[in-house]
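If you check TrEMBL, you get these features:
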- 185-195: compositional bias 'Low complexity' (COMPBIAS)
- 1-25: region 'Disordered' (REGION)
- 175-202: region 'Disordered' (REGION)
- 139-170: repeat 'WD' (REPEAT)
- 250-291: repeat 'WD' (REPEAT)
- 401-445: repeat 'WD' (REPEAT)
- 448-479: repeat 'WD' (REPEAT)
Amino acid sequence: MEPEPTNNDPPLPEPSYDDDLVDTAPVFLQENEAEEVQVDDSAPIEDEEMDTNMDTNMDMEFEGVAPGSSDQMLEGAEEEEGEVALPTLTLDGHRGPVYAMSLVSPSPGAYYLATGSGDDTAGLSSIDTATGATKFETLPGHSESVAAVAFSKDQTLVASCDYAGTISLWMKASDGLPPPPASPSTPDSPAAPTTYKLDRTLPPGPTDVEWVAWHPLGNVFSVGSTDGTVWMYLAKTGAVMQVFAGHDPDNGDGGGVTCGAFSNCGKNLLTGGGEGSFRIWNPKNGLARHVFKDGQDNCQFTKGQVTCFHQNLGASKDIVAVGGNDGFVALVHIPSKKTVGSGLHHSPEAGETSSVECLRFSPVNVVNGNLLASGGVDGNLKVFEIGVGGGNQSGLLRSTASHKSGGVTCLRWKETTGLDRAVYTGCADGKIRLWDVRPSTALVLKVFKGHEDMVLCLDVLDNVLVSGSDDHKIHVWAV
């Protein structure tokens with residue numbers, strides 16, 4: 001364990017930024033200067049590296065789930081319980097549902113877990129897997145449910161955001177696991193945080209904050225709001241760098257900006273909206289480079305609300321999978337501004353239970369990152385193989401699993417090697433399952449039990465799995 005820093009310690013290094021993202025002397029916006037911008041759709045997007053093997057004129061359809069088709073997808077097997085695993089550790093710091101979490105590792109065997117809860121607080125947990133030591137600290141100052149938390153790329157900062165629009169930044173104050181406080185911390189009487197201390201609370205800006213995303217290269221972050229705006233901040237000063245306006249919270253299913261993230265290279269900001277559009281923004285000038293919406297420019301897209309998306313990290317790194325609450329999934333190619341694939345997570349006959357809740361491409365070491373897992377309210381996990389190169393584009397359904405006792409709320413791929421392919425799913429029945437998705441009918445390898453209510457979020461890093469639930473608990477498993 002390293003000693004606590006003193007006033008004589010050198011200051012943290014200045015964050016570095018991509019020259020194409022941030023001007024040398026950026027012009028910050030005032031709160032009242034946000035306005036809807038015209039889409040700058042006249043030029044190709046050159047910031048992402050173009051995949052020269054991608055035939056963007058070939059519209060891919062997921063096998064067996066063509067758009068508009070009522071054909072049922074491959075049915076999942078009757079669920080078979082695998083090996084049962086109970087939590088290694090349980091953290092009881094929250095008094096409300098645990099909505100969001102972010103897990104990082106500052107050193108081997110040591111982990112920091114940031115959480116957001118319906119008890120109007122954020123939390124910071126320190127976990128030492130070698131000794132089993134844990135510490136939960138309440139990050140106070142919020143007045144509504146904390147729906148979004150995230151660590152910066154360098155782990156020096158944590159952002160916590162709530163439904164009142166409060167955005168707090170917490171600065172790392174120590175390395176390793178700090179000693180317990182002199183007075184034990186309880187949910188009713190939390191001790192002052194010592195691991196990450198409040199750096200600043202940003203001035204009022206967006207209203208209800210739905211998500212937060214850090215830039216992959218520097219300490220710049222963005223948040224999305226139910227008012228239809230996206231705000232980008234410079235963490236060092238808290239200054240507003242851009243306000244992106246274009247999603248209409250009063251159109252379609254509403255919900256404002258439901259999801260967002262910077263692209264892999266950081267040169268684009270990607271957002272999905274409740275009005276059914278998916279937008280590619282230029283962070284440097286605030287203009288929308290392209291808008292994907294059903295029926296616009298012959299685009300086949302969700303007719304409902306965009307619920308989630310995920311960008312490929314492997315051979316097809318310019319591909320983004322976008323899911324909707326009508327069960328529709330589209331594959332978007334960023335540089336060409338085209339959809340290169342589309343299909344349904346499951347049959348439209350399922351009606352109101354068709355929402356896609358989570359999408360995730362496989363890690364780079366699993367089939368070059370070209371497997372796409374989707375989970376839905378229907379209780380199904382589907383795994384597709386996304387083709388790369390030439391005119392033989394295909395989205396083959398490789399594996400399926402059926403959760404008979406509730407919908408899939410969240411998922412993560414297991415970091416594996418060789419031919420192994422495994423996916424964790426969090427479910428409305430309070431269980432987490434690890435599936436072997438190599439067979440066409442996925443096999444349950446392990447069932448993680450301990451939650452008494454719906455699993456709302458999970459994360460996995462190295463050999464640690466963490467989860468949050470409607471039962472107010474945070475569970476930790478050694479995997």
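Cβ coordinates come from backbone N, Cα and C, glycine included.
Counting residue by residue with DSSP, the repeat 'WD' (448-479) contains 0 helix, 19 strand, 13 coil. Across the repeat 'WD' (139-170), DSSP assigns 0 helix, 17 strand, 15 coil. For the repeat 'WD' (401-445), the model's pLDDT averages out at 91.
For the repeat 'WD' (250-291), the number of residues in each DSSP class (helix H, G, I; strand E, B; coil) is 0 helix, 19 strand, 23 coil. If one looks beyond the repeat 'WD' (139-170) by at least 6 residues along the same chain, the residues whose Cβ comes under 8 Å of a Cβ in the stretch are 12, 15, 96, 99-102, 104, 106, 112, 114-124, 190, 193, 196-202, 204-219, 221, 223, 225, 233, 235, 238. With DSSP classes pooled into helix, strand and coil, the tally for the repeat 'WD' (401-445) is 0 helix, 23 strand, 22 coil.
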